[in-house]
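Pasting a structure here, questions to come.
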């Protein structure tokens, strides 16, 4: 149902507060730093997966550097050890970022990971693969705080109207870092710097970023020394006079975390399931499709850095397209409910990959089919970026005060799916050259995508939950849904 605007609302459905702040201000500079911070973090995350080829094959890199005789079992330990630590600090990362400030948690996460990256070549040469496994697990522990801390940071800095836009742009930094690392690692390894430079370059960039971040960033607008009063008022008042779904974002001291109410909240549990379904499909695509293409179609895209980076590059481009689409829908003058906006983009981000997976299930051998498979893979990964405007930003919708904690919980659960999915694929596909077995994998993953988004469409909510402010009840709040203090689904907005 399309709702009309009240006389005090603008044509986009927002109430005016007089001064909207600068079109480009301190908040945008903060988000640019977040973009590059996530780019560095993800380059540090994927550097071993691309460096391990050069480390185990002297012909693939500068032969003047040591070569390691690591079998597939050792490689599996090395590549999976990062996630052992990564899932552990998700929830603590979100919790601590709300207490000590997202600025310091992001600074800690990137700086320590960068320093550990600089130690990786030495540990590999002097200590062997087991030392690298321990180092990568510690690196995962430190990186685990970055994602939830980013959500805490954005919940403080992103004004209501710009929330989806800024979240999308910031998180596209993770794809940017992956694209750069996959594209240039082969050239770096073959240069005079050799494979150790795959760790040294992002490590040094990460340390440089940490210094810039520490001196130019603040956890909240109120703490930033250079922000103008108009921009600060614009950001901080976005929770009070613009739409009902944001009146719960408090600038007062943070209340105690209502763990029981969070973990028993229906809208939040649906968000957990949507995040898990998304990670199951996304990581199945990225980890198993290359094996399918090599075994069934006879093409090894892992050995082709630019081709491996193509899905991520397309994801960056489509992130911008989806943000533009969101803005275009808002500017048409038709007031669109926030709930419809979130579910519309989440549907694009999960059901378009679902259709691509179904198509991959019918791919057979042939040169033309190789090109089709690459197109479907790229489409599936790239269109998933629409979820940045769907369930990703929904953490902040449900609870601006505890957005980082919510992201920590859902991302922890979702990363178990990224570990479990390849194991399930291994049980189904015992003959990697059999297209029929791969078809089962693709159809099952498509079903997971379908159910995850269906649950989000039916049971997902966008209103601020009443446990967002457990110590303060707003007198004007009306409960229209169980556990929900405000009817955010009827907020007169299409999120930018």
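Every residue, even glycine, has its Cβ placed from backbone N, Cα and C.
I grabbed these lines from TrEMBL:
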| type | residues | note |
| --- | --- | --- |
| DOMAIN | 29-464 | domain 'Major facilitator superfamily (MFS) profile' |
| TRANSMEM | 32-56 | transmembrane segment |
| TRANSMEM | 76-97 | transmembrane segment |
| TRANSMEM | 104-127 | transmembrane segment |
| TRANSMEM | 133-154 | transmembrane segment |
| TRANSMEM | 166-189 | transmembrane segment |
| TRANSMEM | 195-216 | transmembrane segment |
| TRANSMEM | 268-286 | transmembrane segment |
| TRANSMEM | 306-325 | transmembrane segment |
| TRANSMEM | 345-364 | transmembrane segment |
| TRANSMEM | 370-391 | transmembrane segment |
| TRANSMEM | 412-430 | transmembrane segment |
| TRANSMEM | 436-459 | transmembrane segment |
| REGION | 468-488 | region 'Disordered' |
| COMPBIAS | 469-480 | compositional bias 'Low complexity' |
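I'd like these features described in context: how deep, what's nearby, how far apart.
Same-chain neighbours of the transmembrane segment (104-127): 34, 37, 40-41, 44, 47-48, 55, 66, 68, 93, 96-97, 135-136, 138-139, 142-146, 149-150, 152-153, 195-196, 199-200, 202-207, 209-210, 213-214, 217, 219, counting only residues six or more beyond its ends whose CB sits under 8 Å from a CB of the stretch.
Counting same-chain residues at least six beyond the ends of the transmembrane segment (195-216), those with a Cβ under 8 angstroms from any Cβ of the stretch are 29, 33, 36-37, 40-41, 43-44, 47, 50-51, 54-55, 61-62, 65, 103, 106-107, 110-111, 113-118, 120-121, 177, 181, 185, 188-189.
Panel annotation: around the transmembrane segment (345-364), residues 164, 274, 277-278, 281-282, 285, 289, 292, 296-297, 322, 326, 372-373, 376-377, 379-381, 383-391, 435, 438-439, 442-443, 445-446, 449-450, 452-453, 456-457, 460 of the same chain, lying at least six beyond its termini, place a Cβ under 8 Å from a Cβ of the stretch.
Within the chain carrying the transmembrane segment (412-430), a Cβ under 8 angstroms from the stretch's Cβ atoms is held by residues 80, 83, 86-87, 90-91, 272, 275-280, 282-284, 287-288, 437-438, 440-441, 444-445, all 6 or more beyond its ends.
For the transmembrane segment (436-459), same-chain residues at least 6 beyond its ends with a Cβ under 8 Å from one of its own Cβ atoms are 266-267, 270-271, 273-274, 276-278, 280-281, 284-285, 288, 292, 296, 343, 346-347, 350-351, 353-355, 357-358, 360-362, 390-391, 421, 425, 428-430.
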Determine which residues of the chain contact the transmembrane segment (306-325) at the Cβ level, with the cut-off under 8 Å and only residues 6 or more beyond its ends counted.
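Residues 164-165, 168-169, 171-172, 175-176, 178-179, 182-183, 285-286, 290, 345, 348, 374, 377-386, 388-389, 496.
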Summarise the model confidence on the domain 'Major facilitator superfamily (MFS) profile' (29-464) as a single mean pLDDT, whole number.
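Its mean pLDDT is 87.
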